[in-house]
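> This is the feature table in TrEMBL:
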type	residues	note
COMPBIAS	716-740	compositional bias 'Polar residues'
COMPBIAS	1079-1099	compositional bias 'Basic and acidic residues'
COMPBIAS	1121-1130	compositional bias 'Basic and acidic residues'
COMPBIAS	1168-1184	compositional bias 'Polar residues'
DOMAIN	41-129	domain 'Ig-like'
DOMAIN	136-230	domain 'Ig-like'
DOMAIN	262-353	domain 'Ig-like'
DOMAIN	356-443	domain 'Ig-like'
DOMAIN	449-536	domain 'Ig-like'
DOMAIN	540-627	domain 'Ig-like'
REGION	716-741	region 'Disordered'
REGION	1079-1184	region 'Disordered'
SIGNAL	1-24	signal peptide
Amino acid sequence: MMKKKSISASKASLVFFLCQMISALDVPLDSKLLEELSQPPTITQQSPKDYIVDPRENIVIQCEAKGKPPPSFSWTRNGTHFDIDKDELVTMKPNSGTLVINIMNGGKAEAYEGVYQCTARNERGAAISNNIVIRPSRSPLWTKEKLEPNQVREGDSLVLHCRPPVGLPPPIIFWMDNAFQRLPQSERVSQGLNGDLYFSNVQPEDTREDYICYARFNHTQTIQQKQPISVKVFSMDSLNDTIAANLSDTDIYGAKPVTERPPILLTPTGTTSNKVELRGNVLLLECIAAGLPTPVIRWIKEGGELPANRTFFENFKKTLKIVDVSEADSGNYKCIARNILGSTHHVISVTVKAAPYWITAPRNLVLSPGEDGSLICRANGNPKPSISWLSNGVPIAIAPEDPSRKVDGDTIIFSAVQERSSAVYQCNASNEYGYLLANAFVNVLAEPPRILTPANKLYQVILDSPALIDCAYFGSPKPEIEWFKGVKGSILRGNEYVFHDNGTLEIPVAQKDSSGTYTCVARNELGKIQNEVQLEVKDPTLIIKQPEYKVIQRYGHVSFECIIKHDSTLIPTVIWLKDNDELPDDERFLVGKDNLTIMNVTDKDDGTYTCIVNTTLDSVSASAVLTVVARPNPPFDLELTGQLERSIELSWIPGDENNSPITSFVIEYEDGLHEPGVWHYQTEVPGSQTTVQLKLSPYVNYSFRVIAVNEIGRSQPSEPSEQYLTKSANPDENPSNVQGIGSEPDNLVITWESLKGFQSNGPGLQYKVSWRQKDVDDEWTSVVVANVSKYIVSGTPTFVPYEIKVQALNDLGYAPEPSEVIGHSGEDLPMVAPGNVQVHVINSTLAKVHWDPVPLKSVRGHLQGYKVYYWKVQSLSRRSKRHIEKKILTFRGNKTFGMLPGLEPYSSYKLNVRVVNGKGEGPASPDKVFKTPEGVPSSPSFLKITNPTLDSLTLEWGSPTHPNGILISYILKFQPINNTHELGPLVEIRIPANESSLILKNLNYSTRYKFYFNAQTSVGSGSQITEEAVTIMDEAMASRQVDIATQGWFIGLMCAVALLILILLIVCFIRRNKGGKYPVKEKEDAHADPEIQPMKEDDGTFGEYSDAEDHKPLKKGSRTPSDRTVKKEDSDDSLVDYGEGVNGQFNEDGSFIGQYSGKKEKEPAEGNESSEAPSPVNAMNSFV
């Protein structure tokens, strides 16, 4: 009793019901598990509640159910048990409750009409189907009736009744003629919802005898036809003729002509009506009116708006259709019919009722022994439905009692259930418009835990993303779930994990150390089970080089990059999209490993390109926009408006700017009258402007075109505008660039630039040419010439000024008065030479000349300047004559002096001066002689050193090419060079100018010397040339050197020595690497190369030296052999002069003049202080 009171006290608590629902078990949809668990029956498929069947075919009443064990089936018919075994025409499908009634073997469908219900039953309960009402379809024939012809006056209304036979289901009605063509319908003629054909007003063309109503019965696929209906429309004229023929003259003739009539409603009748519709159905309201002219129908809802998106008008707005109606659509709907004579209306009061519909349908309940739960069944409708419960198909009031069950209206409450509490409960919600039936079972199970997730399942996630590790389980009572990590890990707890009710373990932010083995343990009072799974955390996929925004010109090439970085164990796939769709199937699109290239880009390639990188675990993407730009399309639709004599307005429509804004429009014009086919620039306007006011010239046949300009370039020109011819007028301007220049001493040539065709302003263009001598009171002389650009005035004085003007005129008159210009008649050669010519010599290469100007009258033309002719007569140092080459310097304007540069020193020159005008040069002044002083000489033409001996050298030289004066001496300087490239003391010798050779004695043998040589005048020393030479060794030693060096055994010996030195170097290198000490510096000093270093005088070692002029160190290979001549323009010898294998040469006296060989030999490590030159010969002598 205490327990019952507790339940009763809490029966109204919503929290309690929710708690019962939460406590119920959820059975996973695992096929293996479902096969093993006991389960009450569940109806899975059944026929519709109202089942209309074809009476010619077998009747199949469906009933399928599932359960464990599989359920058995039974049927009731009209509320009593239906024993199918007693009827040979009725069978049940194997393993199914579906009935098959064999009508095609002699049965009649009408015999099986009734209400059927299926029951599926097993040891845990029974489920029932809906009440299935079986009715065979019917398509009866029309009853025969006599149809009278319809005779109607033109303009009257007419209704042709169809009255189809009552079928099941109701037929579909339509009207056709004898040719099976649908009768045309309109606002005037239309079919009503009841199938009747309504005429708002009849017309003569409505006359016909084949108005046929058809009824189509879809279930039986049959069409029934009504007898044809005849309609004859009488017009007023024919009706009057008929009446007149049948009446005497004394009868009253009262037929009226067709008159217009206000609207009246044909259907519905009256002013108000009622309509009931069920929730969720389609509401159809109809108003059809008669009247002439044909009325127009309008619909409104009183006190509200017609529902948006659910309201439709059909049948020429005569039918209002509202789909999926609800209680809110209840109300008064008014239809208004109106024509020019008035209006009428009808109000339809709509009430929306509702068959029962679910708010909360009962749900299957799986409980463990001792648990609590509840079944809730809530429905609504209009009127509100009543709720009744059944248990295993039996009303719960008479069902076997269950102490764990208590019914409380729409809820059944279960407390401390046991396995015997399992059952199937049915909830029935019903009102006058229908019912709802739902099955929901209570299944009480006692099961040990089971884990449904496969063992050792591998989960892979991306770093820093959530990891969800499943542990799908089932057990009754509901098991508790625990998670462990690692083989001997402790239970997982804490905020870093989320434990879901379905057993799933969530790691919100997976890290690399989250990888490993996870163990799920499920336990309840009936047992325990565990399962291991694996988790791997992978590096994310990244796009490290994303595609970038590109702007490309049409027909160019563009490439988008998409360089990725990904986990090495994942295989990425790269997909490119254009505007979130696949790339076009076009060979111009080239997809590479990490890029997308588009060749020959066109306008349609414009858009957003997306690189999508997918792996099995993640997906990343990056997008970039491609903008294809091009020159704009040409403007179009050019229009000329506001035509005036001197202006017009031009407007146009811009073409496509092709993604590059139009910056300006260029307007060009063509003069079809004077220059057809030639387009000229008119003006330019900003790109935002599409109209322009253009200035016009008279007598021009204008056509205009427009060119659009953007950053890419200019568009093609637009199509030309219409032509516009302006009226003629006087010329607005005169010719430009008027000039007067004589071509002969006695004429004046007047020239000008002719006006262009459009500047003439009219036909008959001519020019009035006027002239008069300036500063003389002469009258103007004028002449009118044709459209030319030159006129010659003859018989003029030589070079006198004239005032000139040229005026344009045409057939309409003269241009404005022109401005005057000054010209001159023809020039003649000057008559007088400049006088008092003086020359002032500034230095040996520059002189200044002076002269007196000539009188301007003697110039007889425009003074252009003076010309100075000058030439060299002879050199004062050589006294030899040569070819005279005259030079000319021109000094512009009225100058009276000039400079003469580039003269040669110590030379005799002549010059004269002449005046110059436009005609030519005047007579020359008398020749003027002048001389230049001495200068420094050029370098000697050559320096050659010959006949080297042990202590002497012979020097020979050539005199300077340009002495530039009287030579007074030669200066020779020389100094020795040792093998460390150091220079010895400098010795200077002055040599008389008449000498051309010199023998230097008392020199050191086998020593290199450098010589510096130049010539000298009284002004100073000229540029120098340099040379080097070497004194020879002892003659016998030199002879042996040549003899031995050419022997084969000597060559072999040198090779052996080279091999020994190589071995020694290798040994030293190895010792050094092992830490031993080796005096490399000393060895290198001892093995200096004698070939590339000049010798010092004192110790025979080598040293650097510098040239006396530039003090640059002497480079390897820069020496010249002693018999080589050095010109002043030659540089130091190159290495070519010192190539390998050059044999020594001897003079006739046996002295050695050869060059050193290019081969290098190392000196002995000791004894390098000898005064002898360290050479291969010395090395050989040590062995002799």
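Quick reminder: no glycine exception, Cβ is built from N, Cα and C everywhere.
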> Do any residues of this chain, six or more beyond the ends of the compositional bias 'Polar residues' (716-740), have a C-beta under 8 angstroms from a C-beta of it, and if so which?
631, 633-636, 638-640, 643, 645-646, 648, 650, 652, 668, 670, 672-673, 679, 696-707, 748-755, 759-763, 765, 767, 771, 789, 802, 804-816, 818-819, 821-825
> Quick check on the domain 'Ig-like' (449-536): DSSP residue counts for helix, strand, coil, in that order please.
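Its residues fall into 3 helix, 47 strand, 38 coil.
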> How many helix, strand and coil residues does the domain 'Ig-like' (41-129) contain under DSSP?
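Going through the domain 'Ig-like' (41-129) residue by residue, I get 7 helix, 46 strand, 36 coil.
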> If you average per-residue pLDDT over the domain 'Ig-like' (41-129), what number do you get?
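Across the domain 'Ig-like' (41-129), the average pLDDT comes out at 93.
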> Looking only at the domain 'Ig-like' (356-443), how are its residues distributed among DSSP helix, strand and coil?
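Once the DSSP states are binned, the domain 'Ig-like' (356-443) shows 3 helix, 52 strand, 33 coil.
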> Quick one: DSSP breakdown of the compositional bias 'Polar residues' (716-740) into helix, strand and coil?
0 helix, 7 strand, 18 coil
